[in-house]
Amino acid sequence: MTQVTVKELAQVVDTPVERLLLQMRDAGLPHTSAEQVVTDSEKQALLTHLKGSHGDRASEPRKITLQRKTTTTLKVGGSKTVSVEVRKKKTYVKRSPDEIEAERQRELEEQRAAEEAERLKAEEAAARQRAEEEARKAEEAARAKAAEEAVSAQPAAAVEVAAAEPVAKPAAAEERKKEEPRRVPKRDEDDERRDRKHTQHRPSVKEKEKAPAPRVAPRSTDEESDGYRRGGRGGKSKLKKRNQHGFQNPTGPIVREVNIGETITVAELAAQMSVKGAEVVKFMFKMGSPVTINQVLDQETAQLVAEELGHKVKLVSENALEEQLAESLKFEGEAVTRAPVVTVMGHVDHGKTSLLDYIRRAKVAAGEAGGITQHIGAYHVETERGMVTFLDTPGHAAFTAMRARGAQATDIVILVVAADDGVMPQTQEAVQHAKAAGVPIVVAVNKIDKPEANPDNIKNGLAALDVIPEEWGGDAPFVPVSAKLGTGVDELLEAVLLQAEVLELKATPSAPGRGVVVESRLDKGRGPVATVLVQDGTLRQGDMVLVGINYGRVRAMLDENGKPIKEAGPSIPVEILGLDGTPDAGDEMTVVADEKKAREVALFRQGKFREVKLARAHAGKLENIFENMGQEEKKTLNIVLKADVRGSLEALQGSLSGLGNDEVQVRVVGGGVGGITESDANLALASNAVLFGFNVRADAGARKIVEAEGLDMRYYNVIYDIIEDVKKALTGMLGSDLRENILGIAEVRDVFRSPKFGAIAGCMVTEGMVHRNRPIRVLRDDVVIFEGELESLRRFKDDVAEVRAGMECGIGVKSYNDVKVGDKIEVFEKVEVARSL
């Protein structure tokens, strides 16, 4: 690279050398003569200085402002949108060199002030330490002087005793030295240490080799904290500080306590065990459960995994909210006698509803579809002996869960048994539900007016179920009644109220309402409607209620006759409006203080219900994954089911899901309470399902989709019909089997030759009937040697269609000439036979 001097640079830029040197000096460059060399970096520095001095720097902007504008759109309601414009403004300021220099000077001054303050502080500390040292020395001198005076003042006898015991005195002095170490001046300790150093025995090389390695005393924590260690000559040298965050491998497995709730994800479980999530996933794969890290595990699975990995498991309840709610619902008040809740149970068509109709002076049974009860009905009746609340349950086999709920919510069970029919399956089931709930049973032997009635047969049948009549020494009253004529109804009510007196039923009317959901439905005009039986306290219009995973304010209350009421006390059934959804039958209803608490608990229950449901569903899939491997896929009948009430929906789902076998199954892809809507029709279209409406109808939008897409939609009002139709559909999906029927057997007696057909077998029909143009088998020694078709059948040179047993005929077999005497010709037909479930 060519070197440029100041003189050459002045010629290039066309300026005098003196002026260029002056400018270079202003730029801070060290050049003083024209012969000095100018480097590229010095040229750049000179150029920057000249630009700044000629106004380029002043023309640069000192302040830059950046503006940013973003526009977003928010959706409000259905189709309305709102545009939101956000404007942001930022200003960047470029400081001048003077300001930067002033800032630097200020920082230097602050640093100097801090150093000065630190120095003054150190001087004060040193002065304070010197003062303390002088005070300590003065105190030690005073103590030594006092000790000398005390010794000189001792009597002569003490001096003689001290002289007589020269050995004991040094010992006492030593003890005094040990007790008062601070009295000895520091220089005396140094002298003693120096004397010991000179007088102690120094070991030889051999002794050093034989001697064990000396133990290293632990370093002083004070010295280590200062970062120094004591040197060989009493000085201090720098000590490398140890890493405070060092890690040591554990010598044994660490057992941790793992808290597991009702559900837990794989990642949370791994975090509690302090292992990687991948390790838990790998371990569960080895156990035969393929999972992902975010998968929810149920409590049992998580407990098994944690225990297998060697950790302690603590099962915790996540019901803090529920416990707070239960605590807030505690109420102390005066308890009064309440009316009994009586559930009428029994087999289908044994007259339960008819008996209730006579008691209520109503006609419910006449208006029921198919003459059978398909919902739980709740009524309260005022009698001469007091009020009684009745629950009427269905007797059909499909309504098992409904009957179980009726038994749980009741005080007394009236078991209706038809005198002309006897103990039936649902009668036995009702007895089991009542015994499981611990409820007393009153047996009503109905239809006693019929000539074929046999009450003794009823007693024998129920005694076998451990329901012993009172006259036999048991505790179950048997009352013969006739729902048609009203015979024995008063005696039945008297027996019920007598049982209620024995039970001593109590309730607190002043407490907040608490009860159970008997039934729920979705009304098109009023929304979700729940039939609630108040069990304790008083339910009032306007109360905030929590029902299972639903909540809401009671907007209106209706009694069983549809009349509006303002409040309902214990043992009163009411319909409430205002919930945010249709609760499940059997859910507990409680009155809470405010909407916030109700929403909080309801959302907690919804999340918990969803997690448990997902965990169980996935566990079921994992259990069946290997069982289903290698098997053909089942044929599935998809159904979208809508019902009028929640109880009927549950009963139908349970009954339909139980249909099917190893080849066909029913899958309810969607179900709900209320009419068939457009979304139901679209779901049926997407899943290739059949739409079933039980006591409900489709709206106009749904009907339009059904007609346009050709969907199959059916209405029902009797549970028998829907179950029978689904059974027929499943039977059709099974297809048919081909079965062979042997029509006849002919024995070959002789063989003839025909120019047209070849070998003709002269046969005697021994069994059945031989038909022409039917499939045949040729058997030789009872072994099939040919299978074909019977082409020609003649009798006395005449073609015939069939030949009966005991007659001779000639048989020509198509494409077969190896017929021999003694063969048997078996004629059969293939028939399609429909399969059944």
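Even glycines carry a Cβ here, placed using N, Cα and C.
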Matching range for Swiss-Prot feature annotation, region 'G1', among 66-73, 346-353:
346-353
Just checking, which of Gly346, Lys352, Ile448 (binding-site residues) has the fewest C-beta atoms within 10 Å of its C-beta?
Ile448
Averaged over the region 'G1' (346-353), what pLDDT does the predicted model reach?
75
Check the DSSP secondary structure of Lys352 (GTP binding site), expressed as helix, strand or coil.
helix
The compositional bias 'Basic and acidic residues' (95-148) - residue tally per DSSP class, helix then strand then coil:
52 helix, 0 strand, 2 coil
